[in-house]
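**Student:** Sharing the feature lines straight out of TrEMBL:
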type: DOMAIN; residues: B:4-33; note: domain '4Fe-4S ferredoxin-type'
type: DOMAIN; residues: B:47-77; note: domain '4Fe-4S ferredoxin-type'
type: DOMAIN; residues: B:78-107; note: domain '4Fe-4S ferredoxin-type'
Amino acid sequence: MTNHFNDIRHAKLVFFIGSNAAEAHPVAMQHILYAKEVNNAPIIVVDPRFTKLAAKATDYVRIRPGTDTAFLMGLINQLIQNEWYDKEFVRTRVAGFEELKEVAAHYTPEVVEDITGVPAKEVVRIAKLMATHRPGTVVWCMGLTQHHIGSSNTRAACILQLMLGNMGVSGGGTNIFRGHDNVQGATDMCVLSHSLPGYYGLSEKAWRHWCEVWGVDYEWMKSRFHSKEYMEKPGFTLARWYEGVIQEDKIYQYTPIKAVVFWGCSSTSQSQYHKLKKALDKLELVVIIDPFPTTTAAMCEKDNVYLLPSTSQYETEGSVTSSCRQAQWRYKVVDPIYDSKTDYEILQEFVKRFGFADKFFKNIKKIPEDVTREIARGTLTIGLVGWLPERIKKHTDNWHTFDIDTLQAKGGPCDGEYYGLPWPCWTEEHPGTPILYDISKPVAKGGLPFRARFGTEYTYPSGRKENLLAAEGVANPGSEIMGGYPEFKGWKTDVRVIKEAVKRGMAPFGNARARCYCWNFPDPVPVHREPLHSPRPDLIKKYPTYPDKPNHYRVYTRFKSEQKPELVKEFPLVLITGRVVEHMGGGDETRSNKYLAELMPEVYAEINPRVANNYGLREGDMIWVESPEGGRIRVKVKITDRVDDRTIFIPYSFGGMFMGRSMAANYPDGLVPYAIGEPANIVVNYGYDIKTQIQATKEGLCRIRKA
Amino acid sequence: MARMKFICDTERCVACHGCVVACKEGHHIPVGINRRRVIIINEGKPGERSISISCMHCSDPPCMAVCPAGAIYQRDDGIVLVNKDICIGCGYCLMACPFGAPQFPKNSSFGARGVMDKCTFCAGGPAPTFSEKEKRLYGQNRIAEGKVPLCAGMCATKALLAGDADVISKIYAERVARRGNGLKEKIF
């Protein structure tokens, strides 16, 4: 999130695309409804499904799944064609406008209507609404990201905000509501296969930086890996790791995967689940560290599973990071109950047995405070330098002294600081940065320009040369240079450089323009590409997907060879998945709560009345939903207008059933969740983002028949 | 004397069921008994609205008027309660109630929690305040502790307001006055 939840109270318009915040983020709704009530802000909801959030919208736009980029580019085109865009913002802080304009021109309201199903008039009306209600905020979630062009979708949304001049201002921004407790913290620590903590990547330089922070020898670290090549090579992703076991797609690794550890992770939130199950039954070792015996454990039908009971968040303590980049200290409420252990303790026991405890705990004498301190010392890239445990605790203990609108403390022990020290918190005295890219404030007081990450100049394929740094006169107040400037040399690894920059009123990472044209992406300007499994064969020809991608996070990933225009004949319905408010993620925790299970006891497919009548289905009938990859699930019919007559929706938080079979007998005695059901991800289709490899769960085809 | 009331602002309710679960967890209500429910109308269509409903603690409670056993009574602050030692579980109150608030245990007519069960406004029951018997039959007594009911305390969007009618109607009136006029500080 560039801004924060509370800042939405300043928005004059809230635009949701691929988000059902009313079910996924009910607590955040207080700020959205406040903007609606007090600012008279239009609430625009763009979604294939009339969600509970749509029920709170002033303007609901039904869109065909997988066509978000086309819709967003249509809006951008309207802003440009009608000169509704923020010309001064574009002149001073944006790069690649000419290139954007050229690509966007294709997305006329009529073209957008053909691709997305949104009437041409609506495209114009929504664009005008956004142009006349500034600042407005744009919110998205998995509905925008989980597509094979997910990275284009998100970039198109960012460009839309650039055109409106809504970046770096209160009430504006691109605000991506994170879906889990502390998921921003997990992301910042890069619990990912392609980067060390703090987004440092996997280069030798990155490894050397962290080795220095950890106080271990780089050569020793290298000796732990198969080779230097593998040390620096992105690993398998969460979306595709099972291919490393079953190898139905070619893998690029010297060995198949032999063991997997699920640490507070639900396997049922991954697509192609019937293939993932194959992997579970083939692995030599499956370790599950969780407060609950999860669906993953019940799915394993080979004697290869170890359950390590861990504590809940109430039985341990430490810092957690909110969606808005804020840290908060979570204190322990009760001591661990039964024979569960904290995550710290489990990790310690592992490390001891692996034989490198001396190296692992070199800087860690007191857990968790020293862990937080080590993170602060190493994570310069996003400015966690100021996140010291005592500062975080001080904020948490005095949270009543902070203003609900601005997050700033008025008096008291944290006077002038922003709640939770939103990163970047450049130094031990920095107040935090509540709004990213806000040039109205000095850097030392929480201001920030756009980052200069891609050099100072670029020549586009057309031959046009552009200065990538911000225009003359555009900088934070008090900046030594009143205009663009490149990044400070060495700022990512030397805290003295950061301090020097901030002292001079400048951002350590420079002051540049935001790019509309990203030459390091397959589509430098976002363009529409039909989903791999599209219901519109005619559009596949016009907007084909990418060529196949070998060695994509160590696995061959099919694009073009998977895009089959004839598939829709056999699989005529589009399948989308999503949240229900009662259950969380894979649902192992919430389905084990009797009251939540009572409210949402079983999995179902939402089907439009027209489809139900055409298939001869009545409310409560059981149907088989089948995917092109051979996945099938048995679920109950729920007839509703939430979905249109080409789409069905299934919530993804169920588990404990597998393609018609109950796995209840596989749970330890007495621990079967109150609610079990088929995981929707068994029938979610093949398909992954070209850049990030996120699974495409919000597009794809299926067929249904009465069970 | 305060007059206790609920208000549910349907512009704010997002049907998250947080109130329902807070009530059940806080009072250890058996599955199948709903002191509070969220009702959704026009589901999936424009005009979809949701509202959280429980016993409304009516000023002139029809349940009290029809109770043949005289088990239902009203406190001075308006909270309507049932005496489970007297209630016979006949269900007349359910027929009389415009909101379907009275609940009856499903497994047996004299379950562990007594005969008829309904929202207590988190004010316990006729058993001695904070006694084991009160907790077992009626749940927590948060009003005696000076706290708001669990449901309203949990409500994320502050759709559900509970407390002295004078206070909550003022909060609601201010909200309505500001609604849609684009002004932040000035009401008129």
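Here the Cβ of each residue, glycine as well, is placed from N, Cα and C on the backbone.
On this model, are these features tucked inside or out on the surface, and what's nearby?
**Tutor:** For the domain '4Fe-4S ferredoxin-type' (B:4-33), the residues of the chain that approach it from at least six positions outside its boundaries are 40, 49-54, 56-57, 77-79, 103, 105-106, 111-113, 117, 119-123, 138-140, 143, 149-165, 168-169, 172, 175, 179, judged by C-beta separation under 8 angstroms.
Outside the domain '4Fe-4S ferredoxin-type' (B:47-77), and at least 6 residues removed from its termini, the chain residues within Cβ reach (under 8 Å) are 1-6, 8, 10, 13-15, 19-20, 23, 35-41, 83-84, 86-88, 90, 92-93, 95-102, 116, 118-119, 121, 123, 126, 143, 151, 155, 159-160.
Under DSSP, the residues of the domain '4Fe-4S ferredoxin-type' (B:78-107) split into helix, strand and coil as follows: 5 helix, 4 strand, 21 coil.
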**Student:** Restricting to the domain '4Fe-4S ferredoxin-type' (B:4-33), report the mean pLDDT as a whole number.
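**Tutor:** Summarising the domain '4Fe-4S ferredoxin-type' (B:4-33) by its mean pLDDT gives 94.
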**Student:** Mind checking how the domain '4Fe-4S ferredoxin-type' (B:4-33) divides into helix, strand and coil residues in DSSP?
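**Tutor:** For the domain '4Fe-4S ferredoxin-type' (B:4-33), the helix, strand and coil counts are 10 helix, 5 strand, 15 coil.
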**Student:** Going by DSSP, how much of the domain '4Fe-4S ferredoxin-type' (B:47-77) is helix, how much is strand and how much is coil, in residues?
**Tutor:** 5 helix, 9 strand, 17 coil
